[in-house]
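J.: Right, I'll just put the structure down here and ask away after.
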Amino acid sequence: MNRQSWLLNLSLLKTHPAFRAVFLARFISIVSLGLLGVAVPVQIQMMTHSTWQVGLSVTLTGGAMFIGLMVGGVLADRYERKKVILLARGTCGIGFIGLCVNALLPEPSLLAIYLLGLWDGFFASLGVTALLAATPALVGRENLMQAGAITMLTVRLGSVISPMLGGILLASGGVAWNYGLAAAGTFITLLPLLTLPRLPVPPQPRENPFIALLAAFRFLLASPLIGGIALLGGLVTMASAVRVLYPALAMSWQMSAAQIGLLYAAIPLGAAIGALTSGQLAHSVRPGLIMLVSTVGSFLAVGLFAIMPVWIAGVICLALFGWLSAISSLLQYTLLQTQTPENMLGRMNGLWTAQNVTGDAIGAALLGGLGAMMTPVASASVSGFGLVIIGLLLLLVLGELRRFRQTPPVSDAG
């Protein structure tokens, strides 16, 4: 990575064919999952006319994802990771085919949608954990920051493209097209993934999966560094749940429908800018301190967001949150991968990803509870400033993370 540039260096895609294959597979997978994410709630709403039923499907899928992350972490530390990745992707694609066939029936089954949602949520997250655990072996630990930033850009770009494409498909061909193309895209991802080298795991004693998972929890709690990283990650994800208040806040700002879209686009845009300008982040000597400060700054941006007098200022605050949270997340990812023992990478990546899933759900629930007691403006500002106080306390308490120093890596990627 070029020390003189703040911009992200994409040369890793040229110099590491295995990472290029993962990049391509991940992008196709994100677009495929995005098509699914648009189709499922629309189909359930059309069948039941019940927002509760739509919410139930999201909750069930989220629960299956959480279990899949836990199981995937254990499997990724026990079995050859390439096989786990391929098995998970292929099995997930079978579930998409099931959704497509169900949608083509004269009377689609609601129960089938719920069950296949559980199936796909479980196997999709199982493969994600194995892929995360394999990344250090594919790019080298010295290139993890660069790989993480490129991955973040991939996720953001795919997250923008897939809903638009999904909406067009719904308008022109119905939900069956979304499911069919999601299945096709998932099986296409197997082609680049088949080119990956073997990804064996370090030798370790066979033990009960629950005991193996418990060992990961013990490691997390016993390590002030890794534990602090996981805690910060969960809090940042909780803060991002402020999006549930966008519709109510848009009414107070008297925003048009087109302008409301800018609220939803602001955080991804800020995160993309954060990833693009992360060129020198890998060379920071005190990544823990930068992580803590950027996290507190992101909370402050959320607190200020709702009390802005005009919506444009609110959008700027959200973009600032996206930028600062991207910096924090990139440092979390890199330190987690570099400071976790190889034989525990699968389980720790599973736990780290799971706290992202649960943090978002907890944040949304807390904001919903606050919204029942106070105005949307007060709810957003109280949650943001409350997180600022917690963040400042953690800045003092997490001494090992704050003082952590590293030798800047010398990348061979460019």
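Think of each number as a place in line: the chain as shown, counted from 1.
Keep in mind that glycine also has a Cβ here, set from the backbone N, Cα and C atoms.
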J.: Can Pro205 and Ser284 be said to be on one side of the membrane, going by the domain names in Swiss-Prot?
T.: yes
J.: At a Cβ cut-off of 8 Å, and with pairs 6 or more apart in sequence only, do we get at least 3 pairs between the transmembrane segment (157-177) and the transmembrane segment (288-307), yes or no?
T.: no
J.: Mark yes when the transmembrane segment (357-377) and the transmembrane segment (314-336) have three or more Cβ pairs under 8 Å (sequence separation 6 or more) and no when they do not.
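T.: With fewer than 3 qualifying Cβ pairs, these stretches do not touch.
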J.: Determine whether the transmembrane segment (56-76) and the transmembrane segment (110-130) share at least three Cβ pairs under 8 Å, counting only pairs 6 or more apart in sequence.
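T.: Per Cβ check, the transmembrane segment (56-76) touches the transmembrane segment (110-130).
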J.: Count the Cβ pairs between the transmembrane segment (379-399) and the transmembrane segment (179-199) that lie under 8 angstroms and are 6 or more residues apart in sequence, then report whether there are at least 3.
T.: no
J.: How about the transmembrane segment (219-239) and the transmembrane segment (22-42): at least 3 CB pairs under 8 Å, pairs 6 or more apart in sequence, or not?
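T.: As far as Cβ distances go (cut-off 8 Å, pairs 6 or more apart), the transmembrane segment (219-239) and the transmembrane segment (22-42) do not touch.
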